[in-house]
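Here's what TrEMBL has on this protein:
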TRANSMEM  50-70  transmembrane segment
DOMAIN    52-457  domain 'Major facilitator superfamily (MFS) profile'
TRANSMEM  90-110  transmembrane segment
TRANSMEM  117-135  transmembrane segment
TRANSMEM  176-197  transmembrane segment
TRANSMEM  217-237  transmembrane segment
TRANSMEM  274-292  transmembrane segment
TRANSMEM  312-332  transmembrane segment
TRANSMEM  344-360  transmembrane segment
TRANSMEM  366-386  transmembrane segment
TRANSMEM  406-426  transmembrane segment
TRANSMEM  432-452  transmembrane segment
Amino acid sequence: PWSLPYGFESTFDQGLKFTPKPIDSDVRVEPNAPLQPENPVSTHLYKRRWLVVMLFSSYSLCNSYQWIQYGIINNIFMRFYNVTSFTVDWLSMVYMLMYIPLIFPVTWLLDKKGLRVIALAATALNCAGTWIKVASVRPDLFPVTFLGQATSSVAQVFILGMPSRIASVWFGTKEVSTACAIGVFGNQLGIAIGFLVPPILVPNVEDMDELANHIRVMFYITAGVSTVLFILVITVFQEQPDIPPTQAQAAARLIPAESSSYMKSILCLLRNRAFVLLILSYGLNVGSFYAVSTLLNRMIIMCYPGQEVAAGRIGLTIVIAGMVGSLICGVWLDRSKTYKQTTLLVYVMSLAGMLIYAFTLDRVHLWLVFITAGTLGFFMTGYLPLGFEFAVELTYPESEGTSSGLLNCSAQVFGIIFTICQGKIIDDFGTLAGNLFLCAFLLLGTIITALIKSDLRRQRANQLANTAVSIEHILK
């Protein structure tokens, strides 16, 4: 018999027909579980898939922009609201904090209700958060602006882990990593705009009324864009294509919804040693990126006083370079399928980039910081889609939303810890010590990545299903 993984068993009967049957409701899907035979399911790629992923990328952009819009002009908001630097840091860290308890119910909702409900919830919350912030432009209304940011941070929980799910549901085997990279691309572009635009829209002027007008304009623009995107999701976003794009997705659709247990799925993932190692290494890398992004304004102002706009442009350089890295890595994975090797290489280069950035930050030459920050961003931010896609390969056929959610939960936990600790180290010992603190954990993450066993289950499922199709065609 053929050994087809993920809940089916393969035997041949009556003219060698290959017929998949649904998995029994009491049976968990294990990596080497046998496959029940059936006729191969037809697959089709719809042009609409590009509209879906681009719309997702757009509202992800709008949300991630808000994450950094306070932190990159930290000193301006400190003066406007008369609060401490650490208090303004929490306007970024609230994104990380909200994710940790909410990712589990949101992932359960994704499994039960699907992509469209999640997209509607994300854009509705994002829209609400932006309008709350419009009403917060007064020095005594910091709690209101925090409420608006907290609302937008809840929206992020419905967004951050979706790229791999959308890619699997809508895209073919040869483009799934590219599609995931495009989904992550929107998030990165939003962060890039968040670095670039606030220092331009909100200059560091002395007059408080003028400063309030600048902040108000920034908030109104964000609210207008988020409202348009909410309307587009209502009218355009579709749950899934009528015909699945791959044999692996066709097999996943055959699993009855009532047969899956969310808690069993999480426990199954946590028993997967390779995935647990990936959770740790992903959290260390992305948590370091969150800390660098949140504290970038503070580090640049400390080394180059009065350079708020330059700090934003350095952040932009980090993310733009990372977007290029993400797309290159996505295309490379679709062509090579070398998930472990690529992930390890990018991790090593992230560590090297962080070391170079740490030792050149305070060397007087601001142009050098742009170069080293761009190198760091190319690899550190480029790692994001690699982690998502490697996780899907290691955990198939478990829900992509669940695996991505656990990765992001790890990143948020490490992000909060690293931001608080690095901020304290920078205040007490300077920027070099703070950045070397992150380098130590990136080294640990590199070692953990090297220990991950490359078990590409989704690739194996598609290959075996396609082999069955080829055999049937030959025998007809």
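Just so it is clear, glycine is given a Cβ too, placed from its N, Cα and C backbone atoms.
Here the transmembrane segment (274-292) has Cβ contacts under 8 Å with residues 92, 96, 318, 347, 350, 354, 376, 380-381, 383-384, 387, 390-391, 394-395, 403, 406-408, 410-415, 417-419, 422, 435, 438, 441-442, 444-446, 448-449, 451-455 of the same chain, all six or more residues outside its ends. By the Cβ criterion (distance under 8 Å, sequence gap of 6 or more), the transmembrane segment (312-332) is counted as touching the transmembrane segment (366-386), at least 3 such pairs being found. Below 8 A, the CB atoms of the transmembrane segment (117-135) and the transmembrane segment (50-70) form 3+ pairs separated by six or more positions in the chain. By the Cβ criterion (under 8 Å, sequence separation of 6 or more), the transmembrane segment (344-360) is not in contact with the transmembrane segment (90-110), since fewer than 3 such pairs are found. Counting C-beta pairs under 8 angstroms (sequence separation of 6 or more), the transmembrane segment (90-110) fails to reach the transmembrane segment (176-197), with fewer than 3 such pairs. Looking at which of 50-70, 366-386, 406-426, 432-452 has the most CB pairs under 8 Å to the transmembrane segment (176-197), the answer is the stretch 50-70. Note on the transmembrane segment (50-70): residues 77, 88, 91-92, 95, 119, 122-123, 126, 129-130, 149, 152-153, 155-156, 159, 162-163, 166-167, 170-171, 179, 182-183, 185-191, 193-195, 197-198, 218, 222, 225-226, 229-230, 232-233, 236-238, 293-294, 315 of its chain, located 6 or more positions outside it, place their CB under 8 angstroms from a CB of the stretch.
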